[in-house]
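Feature annotation from TrEMBL assigns compositional bias 'Polar residues' to 19-37. Positions annotated as region 'Disordered' by TrEMBL: 19-38, 488-509. The domain 'Catalase core' annotation in TrEMBL covers 20-403. Taken from TrEMBL, the feature active site applies to 67, 140. Per TrEMBL, the feature heme binding site maps to 350.
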Ligand code: HEM
């Protein structure tokens, strides 16, 4: 039975199953081991003991290299508005049509045991079990990201995780990277506003961030970005509240999601599209393949198309949430990736990490199983548990006919030609325009600019002087008072005074 269906029988505690070894042999007492006499050595023949120990020894699988801490639940998506002018995507082709889904929310940088309320972007993933395959949204709760060149991702992530020598989180590494890669400024503005500490997973929005293409069977397409807005309204913690929650209940978001669903108080999100035709995209003020930029909603309004609700908790966290495997490359007819280089590399990275984390047959794990999949050319491998396509030929055989559906990729408009180059987009003044706009928006919400300054100061104060100085300069480019305000809030609380700067600045950088 696939995990996208409700289990036929949930836990039936009234039944008394016969306890056995893993090969089904009944065992009298699970807590006694075979031995010679009362105090004698153990017997190698005790399969029950060895079975138990050996399985225990192998219980852990690698945690996700990022987004390790998360929580999830099942639900249902419903189309609310007709968008057949944009796409032939099966799941979206009829108002009222419903599709089952599973969602997982996560923090990014912390390990599996880290606090849910940490200052961090949040992952926002949803897998839809459509009639034409699984379509995954692997989104964040911010509409932009720290970088626009994918080769920077592993480098960037290293600086947000632990120092290789001290094994501690390291403010100097953290800001050293951000202040020398200032295309990150926009995301930094989000992260250090109170938006960086959501109140719960239920109270945050999700954004595709990347541009995708919605396509039609004639090969035409439009560029889109997807927004999911929580129907509960966005709600955040202050820095102090988030810190207090981390101390009191590190699993607060996990607990909140599980308990509210268990109580029948189901969270839901309304889904919108921003749409640009290829021609509009050409003359658009912002590069639509630059993940550090939003499409301002005044220029590209939101168009509603659906809603999803989460209404069922997993029966088993490891089986259904730890083993769920999302990928931006899990697509279906009617949607395609854009040329955004970060998206393009993510298309590779996720299935690659799943093969490492879960094994080559990760799509056979029940929570990942599509409603129907038939690919007898993919055979064998570790944990081939779906019958391995039985006697079906493992090559395109003249003795076994298959239907190849005519799925036409978009052909119009995008024709690429050019020499291979390895080039980053340079950081220019343009990169500070949207961060400055966000600073203005924070100014319209009472106390948010003050909180932002305090949030940065509390973190940045632990960094070395040279890094702090460079970071003030970055914030000055966003707004000329902002750098000064942050400096004034940071310096008095820093344990590494500026006077030591000359001697220490380069130490350990
Ligand atoms: C070059 C850029 C990126 C790379 C190489 C990358 C790579 C990864 C990897 C390897 C994982 C672990 C997946 C797993 O073990 O299941 C992951 C998780 C995740 N990433 Fe990324 N990532 C990138 C950028 C992004 C961006 C821009 C977003 C959002 C727009 C994003 C959203 C997520 C989410 C939501 C998860 C958690 C998925 C889950 O819940 O299982 N990532 N990423």
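In case you wondered, yes, glycine gets a Cβ from its N, Cα and C as well.
Known features from TrEMBL, placed on the structure.
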{"residue": "67", "record": "active site", "DSSP (3 states)": "coil"}
{"residue": "140", "record": "active site", "DSSP (3 states)": "strand"}
{"residue": "350", "record": "heme binding site", "DSSP (3 states)": "helix"}
Residue 140 (active site): tally of other CB atoms within 10 A of its CB: 23
Rounded Cα separation (Å) that holds between residue 140 (active site) and the residue listed as 'heme binding site': 15
Students should find that the Cα atoms of residue 67 (active site) and residue 350 (heme binding site) sit apart, in Å rounded to an integer, by 12
Cβ-Cβ distance under 8 Å to the residue listed as 'heme binding site', same chain, at least six residues away: 138, 325, 326, 327, 328, 329
Count the other Cβ atoms sitting within 10 Å of the Cβ of residue 67 (active site), across every protein chain shown. 22
In the region 'Disordered' (19-38), how many residues does DSSP put in helix, strand and coil? 0 helix, 3 strand, 17 coil
If you average per-residue pLDDT over the domain 'Catalase core' (20-403), what number do you get? 97
